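What follows is a short report on a single structure.
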Amino acid sequence: MAVYSAVAWILLFGVLASLGAQNPVSWEVQRFDGWYNNLMEHRWGSKGSRLQRLVPASYADGVYQPLREPYLPNPRHLSNRVMRGPAGQPSLRNRTVLGVFFGYHVLSDLVSVETPGCPAEFLNIYIPRGDPVFDPDKRGNVVLPFQRSRWDRSTGQSPSNPRDLTNQVTGWLDGSAIYGSSHSWSDTLRSFSGGQLASGPDPAFPRNSQNSLLMWMAPDPATGQGGPQGLYAFGAQRGNREPFLQALGLLWFRYHNLCAKRLAQEHPHWGDEELFQHARKRVIATYQNIAMYEWLPSFLKQTPPEYPGYHPFLDPSISPEFVVASEQFLSTMVPPGVYMRNASCHFQGIANRNSSVSGALRVCNSYWSRENPKLQRAEDVDALLLGMASQIAEREDHLVVEDVQDFWPGPLKFSRTDYLASCLQRGRDLGLPSYTKAREALGLPPVSHWQDINPALSRSNGTVLEATAALYNQDLSRLELLAGGLLESHGDPGPLFSAIVLDQFVRLRDGDRYWFENNRNGLFSKEEIAEIRNTSLRDILVAVTNVDPSALQPSVFFWLAGDPCPQPSQLSTQGLPACAPLFVRDYFKGSGFGFGLTIGTLCCFPLVSLLSAWIVARLRMRNFKRLQRQDRQSIMCEKLVGGVEALEWQGRKEPCRPVLVHLQPGQIRVVDGRLTVLRTIQLRPPQQVNLILSSNRGRRTLLLKIPKEYDLVLLFNMEEERQALVENIRAALKENGLSFQEWELREQELMRAAVTRQQRGHLLETFFRHLFSQVLDINQADAGTLPLDSSTKVREALTCELSRAEFADSLGLKPQDMFVESMFSLADKDGNGYLSFREFLDILVVFMKGSPEEKSRLMFRMYDFDGNGLISKDEFIRMLRSFIEISNNCLSKDQLAEVVESMFRESGFQDKEELTWEDFHFMLRDHDSDLRFTQLCVKGVEVPEVIKNLCRRASYISQEKICPSPRMSAHCARNNTKTASSPQRLQCPVDTDPPQEIRRRFGKKVTSFQPLLFTEAHREKFQRSRRHQTVQQFKRFIENYRRHIGCVAVFYTITGALFLERAYYYAFAAHHSGITDTTRVGIILSRGTAASISFMFSYILLTMCRNLITFLRETFLNRYIPFDAAVDFHRFIASTAIILTVLHSAGHVVNVYLFSISPLSVLSCLFPDLFHDDGSEFPQKYYWWFFQTVPGLTGVLLLLALAIMYVFASHHFRRRSFRGFWLTHHLYIFLYILLIIHGSFALIQMPRFHIFFLVPAIIYVGDKLVSLSRKKVEISVVKAELLPSGVTHLRFQRPQGFEYKSGQWVRIACLALGTTEYHPFTLTSAPHEDTLSLHIRAAGPWTTRLREIYSPPTGDTCARYPKLYLDGPFGEGHQEWHKFEVSVLVGAGIGVTPFASILKDLVFKSSVSCQVFCKKIYFIWVTRTQRQFEWLADIIREVEENDSRDLVSVHIYITQLAEKFDLRTTMLYICERHFQKVLNRSLFTGLRSVTHFGRPPFEPFFNSLQEVHPQVRKIGVFSCGPPGMTKNVEKACQLINKQDRTHFSHHYENF
């Protein structure tokens, strides 16, 4: 029951609603857009429909290319020769000017083809050289632009379907010039009150044009003024072109409102819509009647046939022939000026812009004029209408006044153009047929001679036809329809134009079912039709202007004799103001500086970012240094009393440095700001010291010249400071008994006389060269020549003596070292504190050519301090201490005593307290070969090759120079005996036993052999040709990096393909958009790079999916994709992307410039959603493109974000301010938001960024969520320990389910230092351990503060330690060590941390009998001193204790020792080997590992590995440390891989 009630109520409300919604009109309302005026073809005559040809098209290619010169004449030339003539010739039929402009109003109601087509195509008019209007300077390069009109996109495809233009208004006489061509346009014009059209402040005028009403707003060609002000809202888009058209538009506007007002009075119950539609219906009918039955007969001098009724099968479409015929005939009647009069026949004077007064409005200065002071009131408009009704038009012939011919409103940059030339180009654009073909098609008699076109013209002015014939090469078939039609005209349109126009109007009438005479459409009754037929334009004028009917003639389209208010005279150019001349608009005027400044600002983004990064880095370094200063005592308290501040001048090209000069007993010390001793000058008699003072420039320079030293030049702030130091030096010299001289020189001469350190260095270099040339028998030419420019320099070089500091520097040692003291004292025979050439030569001969006995005797004398011929145990301990000074190792006194006792006991001298030389030499008997190859190493001096060969040691890092195994010694001896007499080098066959030091690590007994000369062992012939080595190196490179190369090739192939696809598209396939015609290079570059950038910035996210990479490393994909190189690939992609971004920006800079100088008609084609061509022409300025568009503003912000991110991500700033890098790199979120917005505006093409971005973004977000789920869990620190060398050891809880592998790394954040700043560190714990551990070196502010925070707490609990956030683990290349049968681990500095975990993991797996593919690991630890990372020594010691299977071979390199094999290093080597032989431990580290002094020579080491492991075809090399070290390892691997033997696969990580 309830359901029935609901249905009843619904039906009741529906009936009530239908009763209340009555239709306000009782007839079928005519649409505004022209649809359904013909029911046969609904689209006929609608807005946007195409023109319908009367004659087939005539295009050059039969499709769309217009006919051009030279087939057709130049349009400007044709206009000048045929259509130019004087003004002031009245119409032969006395037609009025009102009829002329009413005809233009009718045409604006019927057709509009002026709208430029898209893409923009130009059919420019080339101006003949010296044209008086357009080329008065005779440049010969003037081109008037002509843009082709809009066409139907479905046409222009083939000769059977040639291009057809479209009509931008309705093709009916339906009042579209009054009400608009669309419903929305009409709504904009309406007031929606009383059925009237909206008016402005004055009811007689419509409101001004608004943005919602897209009126044509061309700039005033006379003044250049533009904008919508002063333009009225009409139905015709170009209704404001002249005041005369405006007056007619105002006439019909006022007439509609008058009709609506009368209807409202007659029918007060009607609403707005009913009133508006009734008034519109009546106005359109009146307009049709006047146009068809009053104006058309006056125009053609023919009466149209009687109305036969509506014919639905008749096509009423506008023809292109009609467009040209009607417009051109009207243009011949346009006068140079227009009168204005009142109802009493008073013709008004017109005040011009130059304050002059003329009798009429000048037409050429009235185009698109705004706010004309003579047309501000309704009376002014009435006066203009009355004046046009009384003024006789120009003669109907082929001539056109200059106001139309030369000063028509110009398109684009030109303020003026030739109207007739433009019309000729329009006809060619329309593809109009020739004059003869048109006559033939319309059934007119053919014309076979030029004189037959217009016999009257031929008789009166035959030269015109002759000139026309000459322009068309006497070929009548080429004569264009427009030119031929004009030549036919004489008082009336010629037969051709008349036939075209009449045919068009008849078809419009008969094919329109809304025609007012059609009594079947229900619009009007017969009485109303009769009333409309009796209404003329004179009636409209009288009704609107309220003038007396006697003030107007009966037919306002003619002025006949006897009609009221005759014109004063036929207007000519005489007495009228001159036309404003042509000017060319510069769209970029005033923008050059701002545009350049904008580009400069964009280019400064990286510089500003660089400056910001530098400031941040400086602040961070300042804070870091302040933290470091807090950890050590201030050095200011160590300043010596009496120090004098000065600047030391070091040479003309060297900067001055601030120093402190201290006078101490017997010496002068020069120190820097940190009190580091720069130089010590000994004051010993009988030296002669010279003090030279400057005598000019403030007398503030001092030169201290001491014999056998380089000079000290000091600059002071003032003379008083210099004088105080000089007095102190005088006193010190007198106190030490030194004589001195003092004089003054000009400062320039003083500095010229000074011997700088650099000059002294050149002298010492010559000294050493000639010294070694005598000792080592080096060729004199190889040693260099003494300076020969002056005898003084030669004498100085020969008499040069070395100071103690120079002697120490030449050995690469410190002057205060005990070794230097002992050596120098021994060599300085005369005790003068300097070594002469002969003294140095004597001791050098012993080291270079002496026997082992002579060398040991020299060593014995050096350390026999009391000179009694015996060395006591205390002296032996002092000697040993001097040996180990270089390593900065401070062994305890007990340890040194233990070493000495062991050496005495080993040699059988345990009962002796003192040793003779014989005893000392006997103690060194096992190291005879070491002493034999000992030399005194001098910095900068190359040792001859033979000495180098002798000095190569028996070690695992070099090729054996002695027979390496007992079973080979006899064979070596036999071969050597056989070849002893041969000049060839002795050879030794290849040894297959491990080298000596490696065998020692396996516990094999080593037998000592005498050194024998032989060539290096070769498994096969070594190809030495550079070409073969290059090929081999290339093969190894491909083998090492085949996965990298493959991935890079695939990635960049896709990137290049995307670039090429977009570049090809916009270069060759995007002509339909027209953008390549505007900016070819810019658009190709910007769109091609945009595609590549979109791909790169999307897929770069995958390189940062750490969890995904760690997982995929364990899959089969790792065989094809080098996941360990993800970070390097990330940097590689980023570097390429920023380069493409710069190119993309450069392309858009070109685009912006070209868009800023492109007219609006072109821009509206390129960006139809952004611009509408309203005739204003002026494009947007450059700043609009940069800062007021979404792509522009986001692009600028993107450049800023990228500049910040890239600068702070550089290696330099990342090391100095990791926090700055961390924070700025989080701009990537902002970056991707901007990228999405930037590409989503669809300015040039539809958005494509999401195609590349979605998949990587989803994967990346998922990976981040995985990290986020675990990295926000607080982890407690179990133990924190501060280790030497600024290393902090953290041991913290292992989260549940945390699985990792040795060599992996994690990211941690300390809650006390911020919860968002994560830093990566390698795990040093082994996977089997219950806790996790990190060793973190204090290398920056964050790690330094971390070290402070984890200082030892006062209690025993770990609760006071700040907690951590942990993210990881993540994989690295070092994780693959177990995949190689033999692996080499090379760690330097803090780069040893990943190997600590690997070593512990390997030993653990071997101890539990776990199957491991890796059979041998060589661990090379490179450190400045063994004390640098003592925590690693503890780990190595643990490994040695647990390594029962000898899986790990550890070698430690101490690089702070002298790098070359000098005497002291030899002795240190002897002591180290002796200590290791006795206690099986290193003297320095306390480990069983082999300790070496210097840097590891990787290439010989890798060579020896091939001998030790001949069956292993691939060895893994893993290095971690500074870039210099990893580069050396990489270089060694590349060199070894040139040989076609064992392959070394290198994986490295820098820190």
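Using N, Cα and C of the backbone, Cβ positions are placed for all residues, glycine too.
Swiss-Prot assigns Ser317 and Gly1220 to topological domains bearing different names, which places them on different sides of the membrane. Between Asn461, Asn1442, Swiss-Prot assigns N-linked glycosylation site to Asn461; no such entry appears for the others, which is not proof they lack it. For the topological domain 'Cytoplasmic' (1210-1226), same-chain residues at least 6 beyond its ends with a Cβ under 8 Å from one of its own Cβ atoms are 613-614, 616-617, 620-621, 1204, 1316-1319, 1340-1342. Residue counts of the topological domain 'Cytoplasmic' (1210-1226) by helix, strand and coil are 14 helix, 0 strand, 3 coil (DSSP-based). Beyond the topological domain 'Cytoplasmic' (1102-1136), the same-chain residues lying 6 or more positions past its ends with a Cβ under 8 Å from any Cβ of the stretch are 1043-1044, 1046-1048, 1051-1052, 1055, 1096, 1206, 1209, 1256, 1259-1260, 1263, 1266-1267, 1304, 1368-1373, 1375-1376, 1547. Taken through DSSP, the topological domain 'Cytoplasmic' (1102-1136) splits into 28 helix, 0 strand, 7 coil.
The 10 Å shell around the Cβ of Asn868 (Ca(2+) 2 binding site) contains 10 further Cβ atoms across the protein chains shown.
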